[in-house]
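As recorded in Swiss-Prot:
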- 1-265: region 'Amidoligase domain' (REGION)
- SER13, LYS186, THR187, LYS188, PRO189, THR190, GLN191, LYS222: UTP binding site (BINDING)
- SER13, ASP146, ILE147, GLU148, LYS186, THR187, LYS188, PRO189, THR190, GLN191, LYS222: CTP binding site (BINDING)
- SER14, LEU15, GLY16, LYS17, GLY18, LEU19, ASP71: ATP binding site (BINDING)
- ASP71, GLU139: Mg(2+) binding site (BINDING)
- 291-546: domain 'Glutamine amidotransferase type-1' (DOMAIN)
- GLY353, LEU381, GLY382, MET383, GLN384, GLU404, ARG474: L-glutamine binding site (BINDING)
- CYS380: active site, nucleophile (ACT_SITE)
- HIS519: active site (ACT_SITE)
- GLU521: active site (ACT_SITE)
Amino acid sequence: MARYVFITGGVVSSLGKGLASAALGALLQARGFSVRLRKLDPYLNVDPGTMSPFEHGEVFVTDDGAETDLDLGHYERFTGVSARKTDSVSSGRIYSNVLEKERRGDYLGKTIQVIPHVTNEIKDFLRVGEDEVDFMLCEIGGTVGDIEGLPFFEAIRQFAQDKPRGQCIFVHLTLLPYVSASGELKTKPTQHSVKELRSIGIAPDVLLLRSERAIPEKEREKIALFCNVRKEAVIAAYDLKTIYEAPLAYHREGLDQAVLDAFGISPAPKPNLDRWVDVMDRLENAEGEVRVAIVGKYTQLEDAYKSIAEALTHGGMANRTRVRAEWINAELFEREDPSPFLEGFHAILVPGGFGERGTEGKIRAAQYAREKGIPYLGICLGMQMAVIEAARNLAQVKDAGSEEFDHEVGKKRFTPVVYHLKEWIQGNHIVERKHDDDKGGTMRLGAYTAALTPGSRVSEIYHATEIEERHRHRYEVDVRYREALEGCGLTFSGMSPDGRLPEIVEIKDHPWFIGVQFHPELKSKPFAPHPLFADFVRAAVEVSRLV
């Protein structure tokens, strides 16, 4: 039976609950325990799949096809445990489930209320898989006091009461602001946050104090006294140069020991942190630097491409090289020649995205990389842009484009070398889609197998002829253009097992030019960099040595 750790936040949002949860999971693993991490989001969207990246950041896709919060990416990267659909839930999903049950008559005519029906649905979610691991770490999105979060706080209060004593603990992350006028760290916001938490029946066992300055011992004692928490369980959470320092930093501050003490686990197994020492060694002792241009649509918010940024960092670790990723808005290249902006870079990456805005700029970035011999990695839409560029400029399909960008019914602007995917094989059955389907949850989502051409560059990178990668797309390159494009040098080196869906393209006579329909960044880890990103950075290093 799993022990439960509930991680909550107070004072302000975006303090790093997700990273704290991931780091704690990694520390418990380092002591030999098995863990699973979950995220409970109070927003009313069913999932983040239809939310704007500017609103929410990236959507992290699991192997089983769930569209989830980017925090699940942190969970996977820090623990190596693949997330599942049952590891993410929102108020929208909870209320949807409750209403479906009401329509079916499952509640036998009772009046449906937040307590007990909504809270019971949340508790049912928490119980899934509780016999599989030693620790279940559950992060509650938002901050204590948010009106949307009240059912979740009530549910975890009830859940802790339902379990035997000592089976659940609460970790609360707050902010210690520094007031420069007085030269002091202020504890009142933390005290009031804990007071709010206690008013709804939850008493924190461990406090994490986010601070940009060293926390004096007297301030820790004061917080421990007024918040009714043991002083050893008042843990500093300082700003760090890199997120991958978090496990070692939290261990130095005693977070994992405080959690084990709260559960009464004594003597505690000693941690083996060699993995994280090696990660930090590779980051801090990089032997060079490469510049990678990320030409995208959502460049104003780096969280929109969070996993890509982290995967590039991992690729740098694999090569003991520092990767300096720089964001360029693709719309710039629709007005300007890309050459002056891109000539100082050692590699170019075009990430996934939706909609027509900026696509001509991405096509020009792909053309620049192809013609100048600069390493190019196109992901999802980035692969489609590379194919359209090759179709226009090599295969002489001058009006090549995507069905996604033909908005007017009956009026075609493009020859669609990229089309709306209406049918594909998933497992042992066929999935069918129509143009007028709902937007949410209707893409080709989750892990699918791809067959690689023996002897191709990608088969050498993967050291395999069959791979499994995660997808999130509803448009696909039309295989009918394969012969024409391969005749011009763009090889279809990865296909779906049935041979109908192109998964990877590459240019053989180019230093490094690869487009993939899937999202390799979602499977990269600091201690296990994704092979595509590792080799992409290696190619960038080679270019940097020629400059």
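Backbone N, Cα and C atoms are what each Cβ position is placed from, and that goes for glycine too.
Structural mapping of features recorded in Swiss-Prot.
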residue : record                   : Cβ contacts under 8 Å, 6 or more apart
SER13   : UTP binding site         : GLY142, THR143
THR190  : UTP binding site         : GLY10, VAL11, THR174, LEU175, LEU176, LEU207, LEU209, ILE223, CYS227
GLN191  : UTP binding site         : ILE223, PHE226, CYS227
LYS222  : UTP binding site         : THR187
GLY353  : L-glutamine binding site : GLY296, LYS297, TYR298, CYS380, LEU381
MET383  : L-glutamine binding site : VAL477, ILE504, VAL505, GLY515, VAL516, GLN517
GLN384  : L-glutamine binding site : GLY378, SER402, VAL418, TYR475, VAL477, GLY515, GLN517
GLU404  : L-glutamine binding site : PHE354, GLY355, GLU356, VAL418, HIS420, TYR475
GLU521  : active site              : SER307, ILE308, GLU310, ALA311, ILE379, HIS530, PHE533
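The recorded positions listed here are LEU15, LEU19, ILE147, CYS380, LEU381; among them, LEU381 has the most other Cβ atoms within 10 Å of its own Cβ.
Burial estimate for the binding-site residues (SER14, THR187): highest at THR187, by number of other CB atoms within 10 Å. Ranking the binding-site residues SER14, ASP71, GLU139, ILE147, GLY382 by the distance of their Cα atoms from the Cα of HIS519 (active site) places GLY382 first. Long-range Cβ neighbours of GLY18 (ATP binding site) (same chain, at least 6 residues apart, Cβ-Cβ under 8 Å): LYS39, ASP69, LEU70, ASP71, HIS74, TYR75, GLU139. Site extent for L-glutamine: among the recorded binding residues GLY353, LEU381, GLY382, MET383, GLN384, GLU404, ARG474, the largest C-alpha separation is 14 Å.
The CA atom of LYS188 (UTP binding site) is located 17 Å away from the CA atom of LEU15 (ATP binding site).
In the predicted structure, the region 'Amidoligase domain' (1-265) carries a mean pLDDT of 95. The binding-site residues under consideration are LYS17, LYS186, LYS188. Their Cβ neighbour counts within 10 Å are lowest for LYS188.
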